[in-house]
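Below you'll find the structure, written out as structure tokens, and then a few comments.
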Amino acid sequence: MLSDIIRAVILGVVEGVTEFLPVSSTGHLLLVGRFFNLGEGDFWKTFDVLIQLGAILAILALYFAKLWRIALGMFSDPAAQRFIIGVLVAFLPAAVIGAAAGSYIKLFLFNPWVVCFSLIVGGAVLLWVDQLDLKPRHHDATTFPVLMYFYIGCAQCVAMIPGVSRSGASIVAAMLFGADKRAAAEFSFFLAIPTMVGAFVYDLYKSRADLTTDHMTIVAVGFVVSFITAIIVVKTFLGYVTRHGFQLFAWWRVVVGTLGLIALAMGR
């Protein structure tokens, strides 16, 4: 049990650090499980999804005042209504494709080779976009055009391939359609809420018969650790990308992906 608690802490830290960075939390969790013998097995695959709720609650805590104002204006404030519609429009493509093809994606694409190649390709794309001479027109994540929300949602679907990064795909799309770096990052946080809650509920329902009391204790530990870690990371991340952009994260992806391919080629 103690060794499982230690695993939960390590994986909770990995989830909290990587969930909102454009580096792919799913990819990192899969690689950590493979190369360090942590988190392998059916329960740990479910665990990886369930602890994402801790990271999502970190966003709700950090943006509580803004999200509460939007919720209060749901029936009276046109701006709040427009943003809620925008988030739902952005969420819809992933919901449809996830429901239709999620099991096939997990069966055929959830392996370390796919993760490593996706990390490298995604890093190259992120590096390219970060160096473009873009002229941002949208500086508030709650006021994007509705069609722009839809395009971002379509881009997020690519992140169903492990290693691509949900936040990375949505950030790149938002920047290409005119968002500044901070607004792009913030909308990726907001879009994560329905996306990850949906994945959490779906996996919890599928695994409900297999989760024991001991399992729930382990999940609770990972949940709390991911929550605390995500709060620290998000607050730091926004300030960093506003000043320095995404190059650090692009190279992070390339280095991790390359090292992963080398390890796999050596038979690890």
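Cβ coordinates are placed from backbone N, Cα and C, and glycine is handled just like the others.
According to Swiss-Prot, the protein has these features:
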TRANSMEM  9-29  transmembrane segment
TRANSMEM  47-67  transmembrane segment
TRANSMEM  83-103  transmembrane segment
TRANSMEM  107-127  transmembrane segment
TRANSMEM  144-164  transmembrane segment
TRANSMEM  184-204  transmembrane segment
TRANSMEM  218-238  transmembrane segment
TRANSMEM  246-266  transmembrane segment
Outside the transmembrane segment (107-127), six or more residues from its ends: residues with CB under 8 Å to it: 22-24, 26-27, 30-31, 34, 160-165, 168-169, 171-172, 246-247, 249-254, 256-258, 260-261, 264
Ranked first among 9-29, 83-103, 144-164, 218-238, 246-266 for CB pairs under 8 angstroms with the transmembrane segment (47-67): 218-238
The transmembrane segment (144-164) touching the transmembrane segment (83-103) per 3+ Cβ pairs under 8 Å rule: yes
Best-contacting stretch, by C-beta pairs under 8 Å, relative to the transmembrane segment (246-266) and drawn from 9-29, 144-164, 184-204, 218-238: 9-29
Ranked first among 144-164, 184-204, 218-238 for CB pairs under 8 angstroms with the transmembrane segment (9-29): 218-238
Spatial neighbours of the transmembrane segment (184-204) far in sequence, C-beta under 8 Å, 6+ residues away: 19-20, 22, 46, 49-50, 52-53, 55-56, 59-60, 63, 87-88, 90-91, 94-95, 98, 102, 141, 144, 152-153, 156, 166-167, 170-171, 174-175, 211, 234, 237-238, 241
